[in-house]
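Novice: The structure is given below, and queries will be raised subsequently.
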Amino acid sequence: MTNLRKTHPLMKIINHTFIDLPAPSNFSAWWNFGSLLGICLILQIITGLFLAMHYTADTESAFSSVTHICRDVNYGWMIRYMHANGASMFFICLFIHIGRGMYYGSYLFLETWNIGVILLFTTMATAFMGYVLPWGQMSFWGATVITNLLSAIPYIGTDLVQWIWGGFSVDKATLTRFFAFHFILPFIIMALAAVHLLFLHEKGSNNPTGIDSDSDKIPFHPYYTMKDIMGFLTMFLALLTLVLFYPDALGDPDNYTPANPLVTPPHIKPEWYFLFAYAILRSIPNKLGGVVALMLSILILIFLPMMHTSKQRGMMFRPLSQCMFWILVANLLTLTWIGGQPVEPPFIMIGQLASLSYFLIILIIMPSISLLENKFMKW
């Protein structure tokens, strides 16, 4: 078996990726989230496939087909809530994974990081289109508001929106194409994740100290496979607790009302994992300015390697940068909270201040603090 593992063309790839891979000996639990994302993706594809067997991508019957899945299909309710809450777990793991990369300077692996940012955009697009499919009130109005943002693009905006809609409003054509894209994108994400891993294993992983670990490597299996299984069990416990006890905790009650183009919900908002970006969008009174800020709030990750001014890679030995990083996390949580609040005082002002500080911390404060720390260490 050992010989087959090392000689068979396919087994050899799996062996070099998950078994005999030389890994740093000091990985912390923060390095578990990459494998957790892989498990989340597989779970989403499997549950999504079963949902697609019973779902109808038509404005007349989409809402009814989701109700039918929950009521009449064997364990349909469980598959549906595993898929909906699985997306939340996916984004929790994704945000922690990105946060780990920022904290420990993993963004200095340029190819891996850039593919990761593309993966983030693709995942966000997939999740947005999936949210439209149940065809509830929030699905319909969320799709209308978010796609309508493209009309802010000068000259081609209106034509672009109507092209995406497939008509003059969000309707049957929009739902059908969103379902088609929502079905195909996870497989594209899978391919991108393979490229992400390919680039990562080209140079070897970073580690908590941020220094070269070639002198102290251990095989991935059994050490990190066991550690990853522990992570899987913890995540499944959290996911099943959500699914079996609080299935609607992260959803919107408005989505249990069938889509009605004539009735606007009092407060249109996306899923919780987009609220931070939605808050940044809303904090700018100008439509085009808001759309630019929304895009930049994610695209800013691409520029992190260029703004790395520290002589050390990670933040493990830089207390000032650590402090600023956790302020940024608190800021993002504030933005998430604001995104779910109505547009009225004092939330407008809090949102504007949090949006401003988000960009200030990443673009100016953190690079400046890194330079200051270099001075402290006489570098």
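In case you wondered, yes, glycine gets a Cβ from its N, Cα and C as well.
Look at Swiss-Prot and you will find His83, His182 tagged as heme b b562 binding site, backed by similarity to another entry. Residues or ranges marked as heme b b566 binding site by Swiss-Prot: His97, His196. Taken from Swiss-Prot, the feature ubiquinone binding site applies to His201. Annotated transmembrane segment per Swiss-Prot: 33-53, 77-98, 113-133, 178-198, 226-246, 288-308, 320-340, 347-367, in sequence order.
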Novice: Would you say the transmembrane segment (33-53) and the transmembrane segment (226-246) are touching, if the rule is that at least three C-beta pairs must lie under 8 angstroms and be 6 or more residues apart?
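Specialist: Answer yes: the transmembrane segment (226-246) meets the transmembrane segment (33-53) with 3 or more Cβ pairs below 8 Å.
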Novice: What does DSSP assign His97 (heme b b566 binding site), in three states?
Specialist: helix
Novice: Near the transmembrane segment (33-53), which residues from the same chain, at least 6 beyond its ends, have a CB less than 8 A from one of its CBs?
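Specialist: Result: 69, 79-80, 82-83, 86-87, 89-90, 93-94, 96-97, 100, 182-183, 186-187, 189-190, 193, 228, 231-232, 235.
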Novice: Can you work out which residues elsewhere in the same chain, 6+ from the ends of the transmembrane segment (113-133), have a Cβ less than 8 Å from its Cβ atoms?
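Specialist: Same-chain contacts beyond the flanks: 55, 57, 62, 66, 87, 90-91, 94, 98, 101, 106-107, 139-140, 142-143, 146, 174-175, 178-179, 181-182, 185-186, 188-189, 192-193, 195-196, 199, 270-271, 273-274, 298-299, 301-302, 304-305.
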Novice: Please report the number of other Cβ atoms within 10 Å of the Cβ of His97 (heme b b566 binding site).
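Specialist: So the number of other Cβ atoms within 10 Å of His97 (heme b b566 binding site) is 20.
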Novice: State the Cα to Cα distance, in Å, between His83 (heme b b562 binding site) and His97 (heme b b566 binding site), rounded to an integer.
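Specialist: Distance (Cα to Cα, whole Å): 20 Å.
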Novice: Among all protein chains shown, how many Cβ atoms are found within 10 Å of the Cβ of the residue listed as 'ubiquinone binding site', not counting that one?
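Specialist: Other Cβ atoms within 10 Å of the residue listed as 'ubiquinone binding site': 14.
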Novice: Between His97 (heme b b566 binding site) and the residue listed as 'ubiquinone binding site', find the distance joining the two CA atoms and give it rounded to the nearest Å.
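Specialist: It is 17 Å, counting Cα to Cα.
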Novice: Do you know offhand how many angstrom separate His182 (heme b b562 binding site) and His196 (heme b b566 binding site) by C-alpha?
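Specialist: Rounded to the nearest whole number, the Cα-Cα distance is 21 Å.
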Novice: Using Cβ-Cβ distances, find the residues under 8 Å from His196 (heme b b566 binding site) that belong to the same chain and are at least 6 apart in sequence, listing them in sequence order.
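Specialist: Correct list: Thr112, Ile115, Gly116, Leu119.
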Novice: Provide the number of Cβ atoms within 10 Å of the Cβ of His83 (heme b b562 binding site), excluding the reference atom itself.
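Specialist: Step by step: centre on the Cβ of His83 (heme b b562 binding site), count other Cβ atoms within 10 Å, giving 21.
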